[in-house]
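Here's the structure, in structure tokens; my notes come after.
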């Protein structure tokens, strides 16, 4: 028995021991889940169709698209004025405003004006705080 | 006096600000204490450890407490931990006793918070003292035990364990760090991504993605349901709150606080379990259990003392073993890492001042929480109606800042935020559990070191069973939690079967 449990660790390959072990356990658990949750897994297609049909597609995908565009633009815009954090400020104002408009229900002046004020003021405060008070770089 | 070295006006102000913001986060349905801490973490960079923790602990205490406001006034739990507060709080509000119900909840919250703080104060140093003697073998088993407890308390044990191991697996991506005794080799990195994944995914962007962005994505999926308008909120000024309502409830308050604290100490088990357990215990031990769910003040007391009992309890394993007690304390690990401090058995002994300052911060936060909520209850009721279309975009922006500044300006961390935001949203759909995943992700690298180094020194797997009596005890506990959970699941499914047939 004690011979069975004996292991020698080769230091050069020791970085693979734990990942292999965890990977193996994950595969075993995955198989167990496949067996015990057959019904849920075969019904996955229907679940996703239902989720897609029930979701607010414009708001959900709108959030994702706006976020990706925001991330992509931040660095190139910031490189125009290096080390000022202006890339963050310039991109955040329209981002906050657009997401706000996306999430609004009644897009009338009574709702829009406070939202637009917040979308200018909030990024500016944050930008000022991080750039001047905390002295941390923003894109 | 030593305490005045950290007890500065700034320290007190940060606790106040944290508690206030936390209450607001907690009071807005769909926003949680965890989210508040995630969003405010980047603010702690330049604050230093003591002041940063003051802010975060304020947020934690406030965030857990704020959930009772919408739970009572609208019947919607502001945070998952106040679900049981709705059972009796909302019926009271409908009877026009909203203010009375709120004040009962606030007092119970304070008591829960203080009881658990006392438990933290006495229990954490003792546990740490004991844990200092642990070798790598016991440390590895403790992590293993933490994961099984969490999985055992998951909705579905198999999926819970899977989530935990998935967290470990993803935490291993990157280099096997030389500073921890590794060999500096890469593993699990898809070819071509070495530049970004050299040191794996950073902890904080992962956490902010899972708790900030994922929540917003869920809200967007549901079409950002409109908040309540102020007209719907009835505080009910005609009801008089009097302290006599607590007569005969001391046992209830203490039991619920105790249950909350105990649940907090269990790793990875959140506030909803704390309040549900204490509510059930109070209901079953009551002389007239039928009055619960119809506006019995004792129900509010049990629920709120229970969920606030969590706050001190969840810090016990964090500060004595380095294992977070719930998802919010997992974020606190991030705050410690930012300051370059390792939490574990040595933490309290090596940082006595930080330990004192944390205890004081928790105490002051509880007092502020009580003061703010007790006297400003009418304004707080309005917070519930703050429109989400103003808050969520700003929170989204704060998430990005947090991710970007964590390693002083790495854009990949921002993309990590997005990846794990989407992943967090998917996890809910796939019924995977976020809490075990996070604990696995945080503890994975340590678990690896403890495991591999134990094998290197002893050369046999049997060492994990025979190292010491503590190791054997831990195995008993591990097996106990797995078997207990399997039995519970079996009973539940049998009850369900009986329910459908009958």
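Here the Cβ of each residue, glycine as well, is placed from N, Cα and C on the backbone.
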Q. Any idea which of B:310-328, B:329-347 is down as transmembrane segment in TrEMBL?
A. B:329-347
Q) With the transmembrane segment (B:435-452) as the reference, which stretch in B:57-76, B:101-124, B:130-150, B:157-176, B:359-377 has the largest tally of C-beta pairs below 8 Å? A) B:157-176
Q: Take the transmembrane segment (B:472-489) and find every residue of the same chain, 6 or more past its ends, with a Cβ under 8 Å from one of its Cβ atoms.
A: 138, 141-142, 144-145, 148-149, 151-153, 157, 465-466
Q. When only pairs 6 or more apart in sequence are counted, do the transmembrane segment (B:329-347) and the transmembrane segment (B:359-377) reach 3 or more Cβ pairs under 8 Å?
A. no
Q. When each of B:12-45, B:101-124, B:130-150, B:412-428 is checked against the transmembrane segment (B:359-377) for Cβ pairs under 8 Å, which one has the most?
A. B:101-124
Q | Dominant neighbour of the transmembrane segment (B:57-76) in B:12-45, B:101-124, B:130-150, B:157-176, B:196-217, by Cβ pairs under 8 Å | A | B:12-45
(Q) With Cβ-Cβ distances below 8 Å as the criterion, list the same-chain residues six or more beyond the ends of the transmembrane segment (B:130-150) that contact it, or say none. (A) 160-161, 164-165, 266-269, 317, 320-321, 323, 344-346, 349, 433, 435-436, 439-440, 443, 446-447, 449-451, 453-454, 457-458, 463-464, 467-468, 470-471, 474-475, 477-478, 481-482
Q: For the transmembrane segment (B:12-45) and the transmembrane segment (B:412-428), decide whether they are in contact, meaning at least 3 CB pairs lie under 8 A, counting pairs 6 or more apart in sequence.
A: no
